[in-house]
Structures are given as structure tokens and as C-alpha cells.
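Reviewing the structure listed below.
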Amino acid sequence: MSTNPKPAFRRILLKLSGEALMGSEGFGIDPSVLDRMAQEIKELVELGIQVGVVIGGGNLFRGEGLAKAGMNRVVGDHMGMLATVMNGLAMRDALHRAYVNARLMSAIPLKGVCDDYNWAEAISLLKSGRVVIFAAGTGNPFCTTDSAACLRGIEIEADVVLKGTKVDGVYSADPMKDPEAVKYDELSYAEVLDKELKVMDLSAFTMARDHDMPILVFNMNKPGALRRVIMGEGEGTIIKK
């Protein structure tokens with residue numbers, strides 16, 4: 001039973017890693033994970049929350065690895081952007097199957113596949129209760145999907161960027177490797193930088209800090225966690241001023 005019946009946020013930007021879509025498959029997209037995420041997003045829409053989504057592409061392609069093997073980094077990043085479009089198409093389809101109205105906007109024009117990114121239209125769609133999925137990152141190489149999430153979050157004036165990961169918040173060390181790792185419930189931007197905690201890459205993090213965009217890190221693989229985050233029930237770690 002929720003102790004706080006009113007949602008803590010009105011408009012959110014949900015950042016999902018491509019890896020989150022893999023489930024236990026190790027590669028590609030696990031349909032059952034996709035459908036569960038679509039259902040969790042549907043719950044938010046039914047609460048009246050406006051939802052923007054940015055998905056990574058790491059389950060299908062990673063530009064960095066090939067860049068180290070000699071591929072041009074720009075080419076690798078373009079391939080990574082296209083991987084996020086593939087994930088976006090899968091997510092849009094899953095949402096439609098869950099009877100949720102969703103639009104896919106790409107930072108790279110892909111006529112006939114999805115809409116071009118348009119800021120004013122995105123906000124209009126969010127206000128009308130549509131889920132808007134932002135694909136192809138920022139449209140520029142050398143920018144991570146974390147940067148894209150913060151950029152789109154700032155552009156659509158979201159209340160928070162929710163970063164869905166494999167762990168249930170920010171820890172003092174990697175909880176998978178260090179049993180002594182301590183979870184933080186709340187941090188300031190300065191504390192994250194001082195403690196050199198890995199929340200997201202530095203350019204994305206400083207963009208959020210400079211625009212006072214709160215970041216909330218939570219475990220997307222934990223059923224019901226997304227709803228608890230939205231209801232302000234102390235799920236995950238929040239980072240703000």
C-alpha cells in the first residue's frame with residue numbers, strides 16, 4: 001500500500017540500457033523482458049504520468065569495442081545509433097501491443113521507419129498522454145545514450161531522469177564485486193564527483209548538474225520498482241543539488 005498516493009513526478013525521462021532488454025539471453029532482445037517493461041510503463045501512463053524513453057543499444061552493438069579493433073569511431077557510433085532505433089522499434093511495438101499509444105522519434109532521419117525528432121511535437125505528444133521514445137542518441141558520434149537521456153530530459157522539461165540499471169541504486173563500490181559496498185539513498189552532484197561514483201559518463205552527468213536535472217538510479221529488472229520510484233517510495237538513489 002502506497003504511503004504517498006500522489007505521484008512524486010509528473011513528467012519523466014526513462015533511460016533504459018540496451019543490456020536491460022537482453023534478460024538472461026546475453027544478446028539481442030528478450031520478448032518477455034520487453035513486454036514486462038511495456039506493462040510497467042503502461043501503469044505510469046494510467047497514473048497520468050508523461051513518459052519519455054531513451055534506450056541504449058549495447059545489447060545489439062557496441063561501437064567502442066570495434067573502434068579499439070581499428071574501426072573508425074564515427075562509423076561505430078553511427079552503427080550504435082541504429083541499434084538504439086532497432087530497440088526503439090521493439091519497444092514501440094511492445095507498447096502498442098499493451099494498448100499504449102507510443103511514438104518513436106529518431107535523431108537521424110529514417111523516412112518510413114519512424115518520425116524525425118521534433119522538440120515541439122514531442123512535448124505536444126507527451127501532454128496528450130502518448131509515450132515518446134527517443135532513438136539514435138543525440139544524432140552525433142562521441143555522445144553516449146546517457147548524454148542523450150539527459151539532453152532529452154532537459155529539452156522536454158522532465159522532472160527527473162530515471163536511469164534503469166541492473167543494480168538498485170548507487171553504491172560506494174561495485175556491489176557485485178564488493179560485499180562491503182554501501183548503498184546511498186540520496187546524493188548531491190558534488191558528492192558524486194568527490195567520491196568518483198560511477199553514475200553515468202561525466203559529460204552526461206555534468207549536463208544534468210548544470211541544468212539542475214535530478215537523476216534517479218534504480219533497478220529496472222526488479223518488478224514494481226518503476227512504480228515505487230514514481231510514487232516516491234524511496235526506491236533507488238536520487239542525485240540532486
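Each residue, glycine too, has its Cβ placed from N, Cα and C.
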For the UMP site that Swiss-Prot assigns to Asp77, Thr138, Gly139, Asn140, Pro141, Phe142, Cys143, Thr144, Thr145, which of Gly57, Gly164, Gly169 is also named?
Gly57
Per Swiss-Prot, the region 'Involved in allosteric activation by GTP' among 23-28, 209-214, 233-238 spans residues 23-28
Under 8 Å Cβ to Cβ from Thr138 (UMP binding site), same chain, six or more residues apart: give me those in sequence order, or none if nothing qualifies.
Ala107, Ser147, Ala148, Leu151
Widest Cα span across the UMP binders Gly57, Asp77, Thr138, Gly139, Asn140, Pro141, Phe142, Cys143, Thr144, Thr145, in Å?
15
Around the Cβ of Phe142 (UMP binding site), other Cβ atoms within 10 Å, all chains included, total 12
Rounded to a whole number, what is the top Cα to Cα distance in Å among the residues the record ties to ATP, namely Lys15, Leu16, Ser17, Gly18, Gly58, Arg62, Thr165, Tyr171, Asp174?
25
From the Cα of Ser17 (ATP binding site) across to the Cα of Gly57 (UMP binding site), what is the distance in angstrom?
7
